[in-house]
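Student: Got a structure here, written out as C-alpha cells. Questions coming.
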Amino acid sequence: ESSFPATFVPLPADSEGGEDEDLQCVCLKTTSGINPRHISSLEVIGAGTHCPSPQLLATKKTGRKICLDQQRPLYKKILKKLLDGDES
C-alpha cells in the first residue's frame, strides 16, 4: 500500500515529430535500493516505439528523479498495479 501519488504517462504509438534522437528509453540506468519512504511520487512511462518496456521513475522528496529497477519484486508489484489500474 503506497501513500505517494502515481502518474501513468502513455506516449504516442507513432511519434513522427522529426526528433528521433529523443526516441529512447528514459531509464538507461536503474536503482534497486531506495526506501519507499523517501519517494514523493511515481511516474510510469508506458512501453512504445521509444522503449520496449515500461519505465518506473520515482521522484524523491529531495526532488531528484531516479529510475527504479522494474525486476525487483516490490517495484514489479507497484508497476503491475499502476499499469492494470490505468488501462481501464
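Using N, Cα and C of the backbone, Cβ positions are placed for all residues, glycine too.
What Swiss-Prot records for this protein is below:
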type: CARBOHYD; residues: Thr7; note: O-linked glycosylation site
type: DISULFID; residues: Cys25-Cys51; note: disulfide bond
type: DISULFID; residues: Cys27-Cys67; note: disulfide bond
type: MOD_RES; residues: Ser41; note: phosphoserine
type: BINDING; residues: Lys76, Lys77, Ile78, Leu79, Lys80, Lys81, Leu82; note: heparin binding site
Student: So if I measure Cβ to Cβ from Cys51 (disulfide bond) and keep only same-chain residues at least 6 apart in sequence, which ones fall under 8 Å?
Tutor: Gln24, Cys25, Val26, Cys27, Ile45
Student: May I ask for the distance between Lys77 (heparin binding site) and Cys67 (disulfide bond), taken between their Cα atoms and rounded to an integer number of Å?
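Tutor: With distance taken Cα to Cα, Cys67 (disulfide bond) is 15 Å from Lys77 (heparin binding site).
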Student: Within the same chain, and leaving aside Lys76, Lys77, Ile78, Leu79, Lys80, Lys81, Leu82, name every residue whose CB is within 8 angstroms of the centroid of the CB atoms belonging to the recorded heparin site, in sequence order.
Tutor: Leu56, Tyr75, Leu83
Student: Counting every protein chain present, what is the number of Cβ atoms, excluding its own, within 10 Å of the Cβ of Lys81 (heparin binding site)?
Tutor: 12
Student: Distance check, please: Cα of Lys81 (heparin binding site) against Cα of Ser41 (phosphoserine), rounded to an integer number of angstrom.
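Tutor: For Lys81 (heparin binding site) versus Ser41 (phosphoserine), the Cα atoms are 15 Å apart.
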Student: Any idea which of the recorded positions Cys25, Cys27, Cys67, Leu79 has the thinnest Cβ neighbourhood at 10 Å?
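Tutor: If we count Cβ atoms within 10 Å for the recorded positions Cys25, Cys27, Cys67, Leu79, the smallest count is at Cys25.
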Student: Can you grab the distance from Leu79 (heparin binding site) over to Cys67 (disulfide bond)? Cα atoms, rounded to a whole Å.
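Tutor: With distance taken Cα to Cα, Cys67 (disulfide bond) is 12 Å from Leu79 (heparin binding site).
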Student: Roughly how many Å lie between the Cα atoms of Ile78 (heparin binding site) and the residue listed as 'phosphoserine', rounded to a whole value?
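Tutor: Per the Cα atoms, Ile78 (heparin binding site) and the residue listed as 'phosphoserine' stand 12 Å apart.
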Student: Give the three-state DSSP assignment (helix, strand or coil) for Cys27 (disulfide bond).
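Tutor: SS state of Cys27 (disulfide bond) = coil.
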Student: Nearest to the residue listed as 'phosphoserine' in three-dimensional space, by Cα, is which of the binding-site residues Lys76, Lys80, Leu82?
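Tutor: With Cα distances computed to the residue listed as 'phosphoserine', the winner among Lys76, Lys80, Leu82 is Leu82.
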